[in-house]
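Quick notes on the structure that follows.
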Ligand code: KIV
């Protein structure tokens with residue numbers, strides 16, 4: 001696979017070419033993903049749930065994400081590799097720089113932060129210091145205790161308007177990707193059309209520029225819970241490589257996520 005960068009994704013957005021991405025946590029799966037030409041990988045703090053068996057992502061540390069980032073980078077030299085900034089690793093712009101440095105030095109190309117316009121100063125500071133940022137909006141799992149559960153976000157008009165404003169403010173501050181999780185498809189479409197940077201969706205319909213799945217959900221093997229918007233791509237063929245290839249093809253053609261895996 002040719003090296004994938006933020007410029008590659010910008011070009012794809014301009015060309016209207018959709019792209020797939022997945023979480024990854026170790027070198028073997030990272031290599032398998034790269035062999036199937038998965039352009040973007042994320043070392044998600046979902047590792048707290050799918051690897052560590054915790055009920056949420058809050059216990060994950062920067063050291064945890066840095067460790068798995070080193071593993072994934074070893075297996076996938078050419079993907080655009082994002083690393084999650086864990087809970088409370090970016091309460092201030094200064095602390096965010098410290099946390100981001102550890103993840104970039106572990107091999108990430110970009111860090112992902114959860115939150116809206118309150119992150120503008122942090123995103124500015126990181127990008128000015130050569131750390132590309134993906135801004136995660138919608139159902140931001142680190143806020144599970146504020147939301148009162150893992151709930152769809154942006155259903156009411158006020159929330160939806162705020163999310164559009166947040167996305168624009170974060171792009172203006174320098175964010176080079178926006179990720180939308182569990183938002184109604186119409187809102188995801190509005191944000192995708194409003195932004196010049198690529199938008200990656202999960203539980204946001206097939207209207208975003210890219211899609212992402214937690215790899216354990218893609219294979220139908222998550223220990224705790226399978227979200228309604230995810231699909232077990234392993235069920236049909238029983239072959240992991242074929243499952244990954246099918247996921248990529250279905251995303252690129254707009255077949256996935258279909259109506260059964262979309263929040264109206
Ligand atoms: O941590 C993670 O895996 C994520 C994805 C759900 C996007 O943030």
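Note that Cβ sites are derived from N, Cα and C of the backbone, with glycine treated the same way.
For 45, 46, 84, 112, the entry in TrEMBL reads 3-methyl-2-oxobutanoate binding site. Among the features that TrEMBL reports, Mg(2+) binding site is placed at 45, 84, 114. According to TrEMBL, the active site, proton acceptor annotation covers 181.
Features recorded in TrEMBL, as mapped to the structure shown.
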{"residue": "45", "record": "3-methyl-2-oxobutanoate binding site", "DSSP class": "coil"}
{"residue": "84", "record": "3-methyl-2-oxobutanoate binding site", "DSSP class": "strand"}
{"residue": "112", "record": "3-methyl-2-oxobutanoate binding site", "DSSP class": "strand"}
{"residue": "181", "record": "active site, proton acceptor", "DSSP class": "strand"}
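Within the set of binding-site residues 45, 46, 84, 114, 45, 46, 84 have a CB atom less than 6 Å from some atom of ligand 1. Apart from the site residues 45, 46, 84, 112, the chain places the Cβ of 23, 42, 43, 44, 47, 57, 60, 65, 83, 85, 86, 136, 141 no farther than 8 Å from the centroid of the site's Cβ atoms, the recorded 3-methyl-2-oxobutanoate location. Over all protein chains present, the Cβ of residue 112 (3-methyl-2-oxobutanoate binding site) has 23 other Cβ atoms lying within 10 Å. Long-range Cβ proximity for residue 46 (3-methyl-2-oxobutanoate binding site), meaning a same-chain Cβ under 8 A and a gap of 6 or more residues, is found for 23, 57, 84, 141, 214. When the Cα positions of 45, 46, 84, 112 are compared pair by pair, the longest gap among these 3-methyl-2-oxobutanoate-binding residues is 12 Å.
Counting other CB atoms no more than 10 Å from each candidate's CB, the recorded positions 45, 84, 181 peak at 84.
Counting only the Cα atoms, the space from residue 114 (Mg(2+) binding site) to residue 45 (3-methyl-2-oxobutanoate binding site) is about 11 angstrom.
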